[in-house]
Amino acid sequence: MGFLDRSAIVAPPGWSRWLVPPAALAVHLAIGQAYAWSVLKTGLGNGLGLSGTVTALPFQLAIIMLGLSAAIVGTTVERRGPRWAMFMSTIFFSAGFLVSALGLALGQYWLVVVGYGALGGIGLGIGYISPVSTLMKWFADRPGMATGIAIMGFGGGALIASPIETNLLAAFGTSSGGLASTFAVMGVGYAIFMSVGWLLVRVPADDWTPPNAPQQAAQAVRDDLAVSAQTAVKLPQFWLLWIILCFNVTAGIGLLERANDIYKDFFATTGPAQLVAGAAAAFVSILSLANMLGRFIWSSTSDVVGRKNIYRLYLGVGALLYLVILTLGEGNKVVFLIASLLILSFYGAGFATIPAYLKDLFGTYQVGAIHGRLLTAWSAAGVLGPLVVNAIVDARSDVQGPAKYSVSFTIMIALLVVGFIANELVRPVDPKHYVDSTETPVREEAAR
Amino acid sequence: MSQATSGGRTVLTVVAWLWVLIPFLYGVWQLVIKLPALF
């Protein structure tokens with residue numbers, strides 16, 4: 001397995017660091033397909049006559065497996081390196097589609113759940129964290145921008161997958177055989193697309209330094225900053241970031257989860273039902289774009305203004321924007337659109353900036369493993385967000401129009417305020433928790 | 001020799017970026033054409 005190990009991919013002198021972002025994007029644009037599950041879900045529902053609850057199972061299991069595998073395999077990813085991780089992600093993610101295709105061909109739906117959900121979900125988790133620490137080492141001068149590019153890819157993956165899935169389903173049909181063909185083509189296609197990632201990725205040599213000095217104006221970082229993943233999870237800083245990520249994601253999901261219905265409820269009286277429905281679909285699309293672009297723009301901005309300040313923006317202004325929608329949004333399309341787009345850009349940016357925040361607090365030593373453990377906050381938000389929005393809105397079915405969302409949006413504001421307070425409580429890690437400086441070069445031993 | 005290596009890496013960088021940007025721009029375009037319905 002030497003070809004996949006970290007030692008086999010140390011960059012030779014003169015290697016361009018600008019080859020690493022496309023390697024990361026090849027993986028993240030592929031695994032971002034998860035956000036386009038709804039297209040396949042509709043095909044499965046129409047073709048096999050399955051209920052929405054049953055066709056949601058593969059996606060739900062995949063998100064749970066994403067958080068669990070990122071948390072469990074994070075340390076191994078740090079030890080074995082990004083090529084190993086990207087290769088494993090390719091194998092698991094593609095195998096998920098191929099096992100699902102087999103299940104559909106055999107009429108065994110449980111194989112779709114196990115294939116896409118369990119195997120594919122492991123591919124998502126390993127793939128999501130695979131390039132993070134490598135990018136931050138190559139772009140120590142711009143870590144927020146670097147992780148922003150990769151994680152923007154995860155947000156943009158659905159943009160590619162959605163029309164492709166639509167076209168494949170139209171070409172093959174939604175019979176069992178047609179669905180199997182769609183899944184098989186996607187499995188093979190993603191295996192090829194992702195291979196560029198593990199073939200291209202390189203780690204910098206130990207003596208390599210970025211062309212620009214790391215930006216330390218906003219937050220001074222000590223040279224010997226290195227906290228192990230095992231120690232990090234015992235520190236309040238980790239759990240404060242966990243709360244920040246969880247509540248920021250929950251607040252974004254609050255809007256994303258029911259965007260179509262929210263738009264219709266706010267603007268039901270602005271035109272014929274058909275026009276409003278078309279506008280609502282366009283609203284959902286433009287939210288995806290804001291989610292994606294926010295990951296790059298705000299995360300890059302954090303390199304200049306600092307991580308704590310940018311989370312003040314995400315959480316503080318995010319809470320105010322929810323308030324603006326509640327008070328001024330009804331019938332006022334411009335205000336509603338601007339506020340919604342900013343909220344979704346903060347949602348995406350929260351994901352993209354967190355690795356750089358972790359680096360500032362714990363160093364790059366095992367940042368991938370720490371990031372993996374932090375992603376359990378995403379799994380929790382994936383349960384909490386829909387619960388807050390759907391349960392409350394459904395319970396208020398007798399209320400019409402924007403008032404239907406007053407309680408759930410107020411809860412979102414409260415969660416964002418709690419996240420804001422958590423961000424204010426974040427302090428630098430006491431140097432007594434740093435890994436002994438004589439130990440850090442022996443990365444593999446320490447990680448074990 | 002080093003010039004050939006440098007040229008090869010430039011080509012590799014361009015190809016690598018095209019590999020990810022072409023599908024990405026296709027996705028963005030598919031999204032943008034839906035937007036007029038909003039206004």
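Positions of Cβ are set from backbone N, Cα and C atoms, glycine also.
Quantities reported herein were computed from a predicted structural model and do not represent experimental measurements.
What TrEMBL lists as domain 'Major facilitator superfamily (MFS) profile' is A:1-431. Residues or ranges marked as transmembrane segment by TrEMBL: A:18-37, A:57-77, A:84-103, A:109-132, A:144-164, A:176-201, A:238-256, A:276-298, A:310-328, A:334-358, A:370-393, A:405-426.
Per-stretch counts of Cβ pairs under 8 Å to the transmembrane segment (A:144-164) identify A:18-37 as the leading one among A:18-37, A:57-77, A:109-132, A:238-256.
Tertiary neighbourhood of the transmembrane segment (A:334-358): same-chain residues 132-133, 136, 143-144, 147-148, 151-152, 154-155, 241, 244-245, 248-249, 251-253, 255-256, 259, 266-267, 283, 286-287, 290-299, 302-303, 307, 310-311, 313-315, 317-318, 321-322, 324-325, 328, 367, 370-371, 374, 378, selected by CB-CB distance under 8 Å and a gap of 6+ residues from either end. If you look at the transmembrane segment (A:176-201), the same-chain residues 6 or more away from its ends with a CB under 8 A from one of its CBs are 4, 9, 19-20, 22-27, 29-30, 33, 40, 43-44, 47-48, 82-83, 86-87, 89-90, 93-98, 100-102, 104-105, 107, 112, 116, 127, 130-131, 134, 161, 164-165, 168-169. Same-chain residues lying 6+ beyond the ends of the transmembrane segment (A:18-37) with a Cβ under 8 Å from its Cβ atoms: 58-59, 62-63, 66, 82, 86, 89-90, 93, 120, 123-124, 127-128, 130-131, 134-135, 138, 146, 149-158, 160-162, 165, 186, 190, 193-202, 288.
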